[in-house]
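Look at TrEMBL and you will find 15-37, 43-66, 78-101, 121-141, 162-182, 202-223, 230-249, 273-295, 347-366, 404-423, 435-452, 464-482 tagged as transmembrane segment.
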Amino acid sequence: MVQDNPKPMFSRESFFKFIIICLQLTQVTMLSLGLFYVMDKSWVSSFANGNVVISSLLIFQFVWIILSWRWCSQQDYLNLYIIFILACFTFNASHCVLHLFGLLDEGILDNRFSDVSIIQSLYFVLVSFSWLHLGALVGYVNSPRKRERIGYIHLTYSSVRFVSILLIALALPFWFYKYYHILQIIIRGGYFAIYQVDKPTGFAAVDRVLGAFLVPAALFLLATSRDSRVLRWLAIVILLSEILANLFIGRRGYFAMDTIVTLWVWHRSIKKIPVGLVFILGVCALTIFPLIFALRNISGAERLNFGIWITALGYVDNPLVASIKEMGGSLQTLVYTLELVPTARPFAYGGTYFWAMTTLIPNFFWDVHPALSAKAADWLVQTVNPTFAAMGGGYGYSIFAEGYLNFGWLGSILPMFIMGFLISKLLRWESLRFHPAKVGMVASFFSLFIWIARGESMSVVRQLFWYSLFPLLLMVLCDKVFRVVFKESKRYATFGDIAVVKQPNGQRGAKE
């Protein structure tokens, strides 16, 4: 009797992923050991061509992250993890690329800091990236049994659409009021006048809070609109209105993120977008960023003069390089933090992460939320440039600077690993079994979370809960009610793990 060949313990795919994780673990170990040398300023000062070496390693690591993630996840080019890594690299390490190619006339961060501080900061970013990616790779690996369960979600499309339309109807009047008010300020005083007016707090900010539900609701609706042209156009009109409004105001970050997540939802739920089109749109966006920066301080009717836009673009020398240089300036937040902590202030030891979690409590019990007293971005600008802070200005912050602020050099290890692990788990959950509710939730999540590349956890935690998780919870609750009310109705049927509404012609309302 001939026995069948024994089943291999590991498939070729699993073995390949194991090799990639081992390579990443080796990289992490070597870079982490290097921290003991880089922490010593006397050793760093004797490190010949340190900027060039660290910059080259960062570029190599960026390429490795993209390729290894593509190999492990088997996802296509329009991938939210890669977009997140690109954002972190652009804001915290893009000066390395310009420096290596001789596109920075005055050096990294215009030579405002010592070479020792620059090398230490870049190496901290390098180690942080390695631990972040290790966490992402580990989090994406699942056994076949877990793979069957992790992507399960049971929601009717009608529940998702009902809650989305309800939130749109609730948010739309407040959204119009908010942008009418902002445009009035812009026309009178320019972009920075927005930050010089008193912001409402507590119950007075209810209109701003409710108006912010519009974009997440439109993303959920767009994700369910593959079979409905009316719903698709409604979602697109809302999202385009938000994108164009932010473009006119001069808020480049909101303009970019809303555009990216809209394209991703379309790519994931409606129709694949050609990679060439995405590349062209990205280059165009980077090209007009310096133009937006030059024009956003113009007030009055001049903003509506298209000729001024053309003239201003002519004064921008190499718009693509100018955009990357400006965004890469966020590295200064890490450099300042390395220089000021722990001499000017002690380590937070997880304090900023704790206060970030407290922002989940609504601001109804006090005029100013207590967590704002621990905001790292405010501390930094008030310490470095009090005059600029008094004008309402700021330098932002970064995911890496917050890690160092809390745990010093060890902040590049555990916080980054946990963050990468959780990000990959979320993307794994979304990718295994398609459902528009998951697509909408993940799109809303990343449209807010990606700000941590040049911000801090306190700025995103509350928004992540209320504008990504909360709508999904409402849909689950609504779905349970619908199942009770329409329990005996023949208009509802299920297939796979998705319940859908049958159309009058007998076709299903959506395809898995």
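Indices start at 1 and increase along the chain as displayed.
Cβ from N, Cα, C; glycine included.
Within its own chain, the transmembrane segment (15-37) is flanked in space by residues 43-44, 61, 64, 68, 71-72, 123, 126-127, 130-131, 133-134, 137-138, 141, 409, 412-413, which lie at least six positions past its ends and keep a Cβ under 8 Å from the stretch. With pairs at least 6 apart in sequence, the transmembrane segment (435-452) and the transmembrane segment (78-101) have 3 or more Cβ pairs within the 8 Å limit; the two touch.
Count of Cβ pairs under 8 Å against the transmembrane segment (162-182): among 121-141, 230-249, 347-366, 464-482, the largest is for 464-482. Remark: the transmembrane segment (404-423) contacts the transmembrane segment (347-366), by the rule of 3 or more CB pairs under 8 A. Touching of the transmembrane segment (202-223) and the transmembrane segment (43-66) is ruled out by the presence of fewer than three CB pairs under 8 A, sequence neighbours closer than 6 excluded. Same-chain residues lying 6 or more positions outside the transmembrane segment (435-452) and placing a CB less than 8 Å from one of its CB atoms are 80, 83-84, 87, 151, 153, 155, 157, 160, 164, 215-216, 219-224, 253, 257-258, 260-261, 264-265, 268-269, 398-399, 426-427, 429, 459-460, 463-464, 467-469, 471-472, 475, 497-498, 510. Taking pairs at least six residues apart, the transmembrane segment (121-141) and the transmembrane segment (464-482) share fewer than three Cβ pairs below 8 Å and do not count as touching.
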